[in-house]
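Have a look at the structure below, then the notes.
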Amino acid sequence: MEAYIGSIGSKLQMLTTSDHASVVSMNLFVALLCGCIVIGHLLEENRWMNESITALIIGLCTGVIILLISGGKNSHLLVFSEDLFFIYLLPPIIFNAGFQVKKKQFFRNFITIMLFGAVGTLICCTIISLGAMQIFKRMYIGPIDIGDYLAIGAIFAATDSVCTLQVLNQDDTPLLYSLVFGEGVVNDATSVVLFNAIQSFDLTNINAVIAWEFIRNFFYLFLTSTLLGVFTGLLSAYIIKKLYFGRHSTDREVALMILMAYLSYMLAELFYLSGILTVFFCGIVMSHYTWHNVTESSRVTTKHAFATLSFVAEIFIFLYVGMDALDIEKWRFVSDSPGTSVAVSSILLGLVMVGRAAFVFPLSFLSNLAKKSPNDRIGFRQQFIIWWAGLMRGAVSMALAYNKFTSSGHTHLRGNAIMITSTITVVLFSTVVFGLMTKPLISILLPNPKHQSRSLSISSDPATPKSLTLPLLEEGQDSLDDLGGHEIARPSSIRALLTTPTHTVHHYWRKFDDAFMRPMFGGRGFVPFVPGSPTERSPPNQWH
C-alpha cells in the first residue's frame with residue numbers, strides 16, 4: 001500500500017514538474033512576442049524590417065540560446081502542433097484579410113486575381129511537382145511517391161506576400177496592391193484545398209477516372225467552401241439586424257460577431273471543406289452587412305479586435321518558425337549529407353522562381369489583352385513586382401510541410417527530415433533575404449508611384465473596417481457602392497458585358513443588393529431607426 005501511494009506521489013510530482021515547465025515555456029514565449037512587437041515598432045521608420053523578419057531573427061537567436069543551454073538537445077519552447085496552427089492561429093489571419101479587404105478593388109480586379117491566385121497556383125504547383133519529380137529521383141533522399149511530389153508542389157506554391165504589402169502603398173498603387181493582396185489570399189486557399197485534395201486520393205496508380213474525380217473534388221471544395229462562408233456571414237448579419245443586441249449590450253453583438261466568424265471556419269472543417277476560403281468570404285460578407293448593423297462603439301471594437309488577433313497570430317507563427325529552424329532532431333538526419341539538404345533547398349527555390357514566372361507574365365499578357373485602355377494594363381515593372389511578391393514562403397508552407405512529413409511535430413525518416421529542413425531553409429532564406437531586398441527593389445521599379453495605377457482601381461473604400469496593421473480601408477463609403485464616386489452607366493447590350501464585364505456585373509449587383517440584400521440583411525443606410533438600434537447617426541467621413 002505504501003509503495004502504491006509512493007508511486008502515485010512520484011507521478012503527481014512529475015506531472016507538477018511538467019506543468020511548471022509548460023508555464024515557464026509560455027512565459028518566455030509571451031515575453032518574446034512582446035519583444036518582437038517592441039523591436040518591430042522601433043524599426044518601423046526605416047521600413048526595411050517588418051515584424052515577420054524581426055520575429056524570425058529573434059526566434060533564431062532564441063533557438064541558439066536554448067540549444068546552448070540544453071547542451072544541443074533542444075532548440076524550441078513549444079512542440080509544433082498542426083491543430084494549434086490550423087484551428088487557432090490561421091483563422092484570425094485569414095478572416096481579418098477578408099474583413100478589411102478593399103472590396104471594390106478586389107471585385108473589380110476579381111478576374112485577374114482569380115487568374116493569378118487559382119489558375120496561377122495550379123500552374124506553379126504543376127511545375128514544382130514535375131521539376132522535383134525529375135530532379136529528386138536522381139538524388140538519394142529517401143522513398144518519395146507521386147503523392148509526395150504533388151504535395152511538395154502544393155506546399156511550395158503557397159506564397160507569403162506580407163513583406164511586399166508592407167512596402168507598397170494601397171493609395172499610390174491601388175491596382176498593384178489589390179492584385180498582390182488578393183492573389184496572396186486566394187493562393188493560400190487554393191494551395192490548402194489542393195493539398196487536402198491530394199491527401200484524400202491515392203495517386204500512386206493514377207488514371208483518367210481518378211484524375212477526373214480529383215479535379216471534380218477540387219472545384220467542389222472551392223465552391224462549397226465559398227458558399228458556406230457567404231451563408232454564415234449573411235446569417236450573422238440577419239441575426240444582429242433583427243435582434244438589435246446593441247440596445248442592451250454591445251458586448252453581446254461583439255461576442256456574436258467574433259464567434260460567428262470562428263464558427264464559419266469550424267463548420268468548414270467539420271464538413272471537410274476549406275476553412276481558409278470559408279472564413280475569408282465570411283469576413284467579406286460580415287464587413288459588407290454585419291459590421292453596419294452594430295453600434296458605433298462595437299464597430300471600433302471589432303475592427304481593432306480582429307486586426308490585433310491577426311497581428312499576434314502572425315508574429316507567433318514566425319517566432320516559432322525561427323526557433324524550430326534549429327531543431328536538432330531534424331538536422332541530425334541530414335548531418336551526414338549536408339550538401340544534399342542544401343541542394344534540395346536550392347532546387348526548390350529555383351523551381352519556385354520558375355513556377356512564378358511561368359504564370360505571372362503569360363497571365364498578365366492575357367489580362368492585358370482584355371483591357372482597352374493602356375492605363376488599365378499591368379506594366380512589366382508591376383508584373384515583376386507581382387512575381388517578386390510571390391517568391392517568399394511563410395507559415396502556410398511550413399504548416400503543410402509539417403502536416404505531410406512529420407507526426408506530432410517529430411520525424412524519424414531521412415527523406416521526411418530532408419523535406420522539412422529544406423522547407424525551413426526556403427522559408428528563412430526567402431523571408432529574410434528577399435524580404436530585406438523588397439524595399440530597395442520597389443524603390444527602383446516604382447520611383448514615383450503616385451503617377452502610376454491611379455486610374456487603374458478605386459482610390460478609397462471608406463465604409464469598411466480599417467485595420468491597425470494593414471491600412472487597406474477608408475471609412476464612409478460602402479464596399480460596393482459608387483465606383484470612385486462616379487455612376488456606372490447601365491450596360492446597353494451583351495457586348496457591354498463582354499467588353500466591360502466588371503462594370504456590367506457591378507451595375508446589376510448594385511441593383512440586386514439595394515433591392516433585396518440590404519433591406520433583408522442590413523448595411524450602410526439600410527438599418528431602420530429604432531431607439532437604441534445601430535442606426536448611423538453621423539456623417540460617413542467621421543473616421544479618418
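Keep in mind that glycine also has a Cβ here, set from the backbone N, Cα and C atoms.
According to TrEMBL, the features are:
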{"type": "TRANSMEM", "residues": "20-43", "note": "transmembrane segment"}
{"type": "DOMAIN", "residues": "30-442", "note": "domain 'Cation/H+ exchanger transmembrane'"}
{"type": "TRANSMEM", "residues": "55-72", "note": "transmembrane segment"}
{"type": "TRANSMEM", "residues": "84-101", "note": "transmembrane segment"}
{"type": "TRANSMEM", "residues": "113-137", "note": "transmembrane segment"}
{"type": "TRANSMEM", "residues": "218-240", "note": "transmembrane segment"}
{"type": "TRANSMEM", "residues": "274-292", "note": "transmembrane segment"}
{"type": "TRANSMEM", "residues": "304-323", "note": "transmembrane segment"}
{"type": "TRANSMEM", "residues": "343-363", "note": "transmembrane segment"}
{"type": "TRANSMEM", "residues": "384-405", "note": "transmembrane segment"}
{"type": "TRANSMEM", "residues": "417-437", "note": "transmembrane segment"}
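Residues 48-50, 52-53, 56-57, 60, 141-142, 152, 155-156, 160, 163, 318, 321-322, 324-325, 330-334, 340-342, 344-345, 348-349, 352, 388, 391-394, 397-398, 401-402, 404-406, 411 of the same chain sit 6 or more residues outside the transmembrane segment (417-437) yet have a Cβ under 8 Å from a Cβ within it. If you look at the transmembrane segment (55-72), the same-chain residues 6 or more away from its ends with a CB under 8 A from one of its CBs are 28, 32, 35-36, 39-40, 315, 318-328, 428, 431-432.
Within the same chain, the transmembrane segment (274-292) packs against the transmembrane segment (84-101): three or more Cβ pairs sit under 8 Å, each pair at least 6 residues apart. Among residues of the same chain six or more beyond the transmembrane segment (343-363), those with a C-beta under 8 A of the stretch's C-beta atoms are 112, 115-116, 119-120, 123-125, 127-128, 131-132, 135-136, 139, 141, 152, 156-157, 383, 386-387, 390-391, 393, 418-419, 421-423, 425-426, 429-430.
Within the chain carrying the transmembrane segment (304-323), a Cβ under 8 angstroms from the stretch's Cβ atoms is held by residues 29, 32-33, 36-37, 40, 51-52, 55-63, 66, 75-78, 80, 85, 88-90, 92-93, 95-97, 99-100, 162, 254, 258, 261, 394-395, 398, 424, 427-428, 431, 465, 467-470, all 6 or more beyond its ends.
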